[in-house]
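Feature list (source: Swiss-Prot):
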type	residues	note
BINDING	Ile88, Glu89, Ser90, His229, Glu230	substrate binding site
BINDING	Ser90, Lys91, Arg258, Gly259	NADPH binding site
ACT_SITE	Cys190	active site, thioimide intermediate
ACT_SITE	Asp197	active site, proton donor
Amino acid sequence: MSSYANHQALAGLTLGKSTDYRDTYDASLLQGVPRSLNRDPLGLKADNLPFHGTDIWTLYELSWLNAKGLPQVAVGHVELDYTSVNLIESKSFKLYLNSFNQTRFNNWDEVRQTLERDLSTCAQGKVSVALYRLDELEGQPIGHFNGTCIDDQDITIDNDEFTTDYLENATSGEKVVEETLVSHLLKSNCLITHQPDWGSIQIQYRGRQIDREKLLRYLVSFRHHNEFHEQCVERIFNDLLRFCQPEKLSVYARYTRRGGLDINPWRSNNDFVPSTTRLVRQ
């Protein structure tokens, strides 16, 4: 269990509780979770973070009414900046989006502006929103993470409790390498409900070579770890930076969707540009 799982800042969340679904617009349904909850225990300070990045959300179940009452549908792309005070809690995001279903808007841009305003207010940070018509995305190929997959290793896992022990002495030699490693075995659990969160992760770095077996064991140790997606990515970045001390590091995870939403956080200390094409499990 995370050290802050019972923090009072989480007590008011609708997550894990029975809730009524509203189909008329209500911005108050959105709920934020302070990023400081997991950053403070990691020693990360808002004014001196070792990374930049965004939380990329894809909205697959977005619908509203036009001015004449005709339903509209779109796929939304949201980017929430890492400097925001709060992350957006996903169940509240889903409930908020449902509140658009029977609400009339004059045009698509009004919907986009409403989303940007409300999400920015909840997160207390910078948010950008793009809406796509379905025909704009038809035929879009399934993407993949570039890099070397480290999953096919003949190893025995006898401990799947989270630990950073595997990263101790995980680098060898003085030779500097630059490589991209990928795993599809990332699985953590929701901080509140403990429901499973499934993801793929891409790690780009420049530095002393990281032992792939130790890295895989570390990633697998998240299997019973309870944190939100964004928190897990920041923990992984921080742990790799602390124990492996790469010159450059980027960590990007794309999680499978739940409730019509997928969350894809990335953190980097260099000029990393993430691919936003959905992966095969998304």
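Keep in mind that glycine also has a Cβ here, set from the backbone N, Cα and C atoms.
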> Least buried of the binding-site residues Lys91, His229, Arg258, going by other Cβ atoms within 10 Å?
Replying inline: Arg258
>> I'd like to know which of these recorded positions, Ile88, Cys190, is least surrounded, judged by other CB atoms within 10 A.
In response: Cys190
> What three-state class does DSSP give Gly259 (NADPH binding site)?
Replying inline: coil
> What does DSSP assign the residue listed as 'active site, thioimide intermediate', in three states?
Replying inline: coil
> Any idea of the Cα spread of the substrate site, Ile88, Glu89, Ser90, His229, Glu230, as a max distance in Å?
Replying inline: 11
>> Other residues near the substrate site, CB within 8 A of the CB centroid of Ile88, Glu89, Ser90, His229, Glu230?
In response: Val33, Asp55, Leu87, Phe93, Phe228, Ile263
> For the NADPH site given as Ser90, Lys91, Arg258, Gly259, which other residues of the same chain have their Cβ within 8 Å of the site's Cβ centre?
Replying inline: Phe93, Lys94, Gly260, Leu261
>> Based on the record's binding annotation for NADPH (Ser90, Lys91, Arg258, Gly259), what whole-number value in Å is the widest Cα to Cα distance?
In response: 9
